[in-house]
C-alpha cells in the first residue's frame, strides 16, 4: 500500500514538467480510446442496418406477426440513380401485420414515404416521380422503418380487389423480422473485422507508447529506489500507480470523445452509398466493458515492460548493448514479392496461365504477402538510409544532429510509422486498381443509352400486352420490345437484341456472353421468335427513349402505374451498381489511410515530446554553446518528418507499381488514382507534420540555461 501511495504522489509531483507529462499522457490515452471505440462500431453498425432491412424481405414464408392476413406487392425501383422501394399492400382484416416506423397502415389511396423521398418529391415534377406512387402522401415513415437516413421508400395502400388485379401480389401472415445476409454477407463482415484489426494495431501501439512517456527517466528513478531496498513487485506497483491517473483520465475523456464522435461518423461514413443512423454507430456493451478494462491493463503491462532492466537489477539501466544496425538484406522480401508479381503479369500476358486459374491466384497472393511483410522488415533499414542521405546531403549542424539521432535507433524511428507504410501501400494499390476498373471498357452486354428495362413482376399476359401498347403510345417512347422467355431460352431477333444492348449477334451465337441486363440473366440459349415462342411468358419490356434523364423517369412512372409490381432499370442504374461497392471500398481505404496517418502523427508527437523531456539537458548545453533555438527546432522536426515523408512516398510509389502489375494481370487499362486520393494522402501527411510542429514551442522553455545545472 505504501508503494501505491508513493506512486500516486510521484504522478502529481515534478512541477510544471510533471503536469505537462500527465496532461500529454491523458490526451494520448483519450485519443486512443476514442479511436478504438469508433473502430469497434463498424460491425455493429452493419448488423443494425441488416436488422432494419429485414422487413423489406417480407414474403409468403414470413413468420406470422398478427392475427389477420395482408396482400403484399413490393418492387425495387430506381430514380435518378438511387434505389427506390415501392410497396403496395391491402389488409385482409382489422388486425393486419404492422410495418416498422408506421403507427398504422396507409388506407386505400394513401401513401407513406420516407423523409428523403419526401424531400426528393419536392424537387421533381410529378410526372417523373410523384405519380409513380399511386396516391396522396399522408404519413412519414419513422426511423425504425428505414435502413439509413437517405433511403427512398414508399408504402401505398390499396383495396384487395385492386391489388389482386395488378398480378404478382402475395398473401403474407407477417412482416419479416429476422435479419438475413442479403447486403452484409459473412465474407463482408470478415473483411470489416480484418480491416478493423489492422486499424486497431497502430492505435494499441500508440496507447502503449503514451503510457511509457519518460520511460528512461522513470527507470533511473526507480532503479535508485530499488537500491535502497525496494523489491521488483514494489517498483512495478509504484510505476503502475504513477501512470494510473493519466490512464483513468484518458479513459473518461476518450469515452466522451466517442459519444461526440458517433453522430459525426454517422454523417460522414457511408456504406453502399448511404449514411448511418447515429443510434446504429454504437459499441456493444461487452466490447465497451472490454475496452474500458483492457486499456488500463494494456497500460499497466506496457509500464511494467518498460521497467525490465530496473526490475532485473538496480544497475540494469546502465547495461544497454547497442542493437545491430539493419542491413540491405532486409529489403529482399519486398524485391522478391515485386519480382514475383511482375512474373505473374508476364505469364498472364504470354498466355501460359489463365486469369481465373489457381496458379495466378497463388502467385498474386504470395507476392502480396511478401511485399506486406517485407515492408515491415525493411522499414528500419529505410530509416537508416534516410539518416545517411540527410547526413550526406549537407554538413549543416541541423542535418547532422537529426541524422545521428535516426541512425542511433532506426528501429524506434520506424516503429511509430509502420502502420502508415502498410496503410499507404494498400490504399494506393487499391486506388490504382479501382481507377483502372473504372476506365476499362465494359466486358459485358449492358443496356444502351436511353433504354429502360421493365421486368414485368409476374403480371398477367393481357395486362402486360395492354401496358406495352400504352407505353408505345407515350410521347417519350421511340419503340417497345417485348421479350418472351421460357426457362433459360429467350426468343428475340438479333436485330432487336442489338438495339437494346451493346452486343452484336453474329452467325452462330446462341447465348449472351459477359453479364447481361437483369431480365436477360442466366440465358442459356437465344432463338428467333416464332408463333410458338409468342405463347411464352413475357419476362420484360424494353422501352427505347431519348437519352435525357427526365424522359426515362417519365417512362418509369408510367410503367409503375400500369404494372405496380414491375422493376425498372437503365444503363446508369446498372453502372452505378457495378461501381458503387468498389468506390465505397476505395473511399473506406482513404479514410483508413487518414486514420493511420493521424495515429502516426499522434505517436510521433508523443515521441517528440518524450524525446524533448529526455534530452532537455543535452539540448540546453547545445544552446548554451551557441546553437540557435531555431536550429534545435529544425533538428527535432527533421528527425520526425524525414521518416514519415520518405516512408509514405516510398509506400505510395510501390503501391502504384503493384496496381499497374495487377491491372496488367486482369487485362485492364491502368489508370492513375484520381487527384482526390493524392489530396487525401497529402492532407494526412501535412496534418501529422502540423501535430509535430505544434509541440516545437516547448523546446524554448525546456532548454533554458537553468536546465544545464547538475545536481
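Glycine too: its Cβ is placed from the backbone N, Cα and C atoms.
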Exercise. Scan 159-179, 327-347, 390-410 against TrEMBL and say which stretch is down as transmembrane segment.
Key: 327-347
Quiz item: Looking at 126-147, 412-433, 434-455, 456-477, which one does TrEMBL call transmembrane segment?
Solution: 412-433
Quiz prompt | Of 53-78, 79-104, 235-260, the range TrEMBL labels transmembrane segment | solution = 235-260
Self-check item: transmembrane segment according to TrEMBL, located in which of 190-215, 502-527
Solution: 190-215
Quiz prompt | transmembrane segment range according to TrEMBL, out of 20-43, 548-571 | solution = 20-43
Quiz item: Between the transmembrane segment (20-43) and the transmembrane segment (359-379), are there three or more C-beta pairs closer than 8 Å, counting only pairs 6 or more apart along the chain?
Solution: no
Quiz item: Looking only at residues six or more beyond either end of the transmembrane segment (327-347), which have a C-beta under 8 A from one in the stretch?
Solution: 353, 360, 363-364, 366-371, 373-375, 377-378, 380-381, 654, 657-658, 661-662, 664-665
Quiz prompt | the domain 'ABC3 transporter permease C-terminal' (591-699) [mean pLDDT, rounded to integer] | solution = 80
Exercise. Helix, strand, coil: count each for the residues of the domain 'ABC3 transporter permease C-terminal' (591-699), based on DSSP.
Key: 92 helix, 0 strand, 17 coil
Quiz item: Is it true that the transmembrane segment (359-379) and the transmembrane segment (677-699) have 3 or more Cβ pairs under 8 Å, skipping pairs fewer than 6 apart in sequence?
Solution: no
Quiz item: Counting only pairs at least 6 apart in sequence, do the transmembrane segment (677-699) and the transmembrane segment (412-433) share 3+ Cβ pairs under 8 Å?
Solution: yes
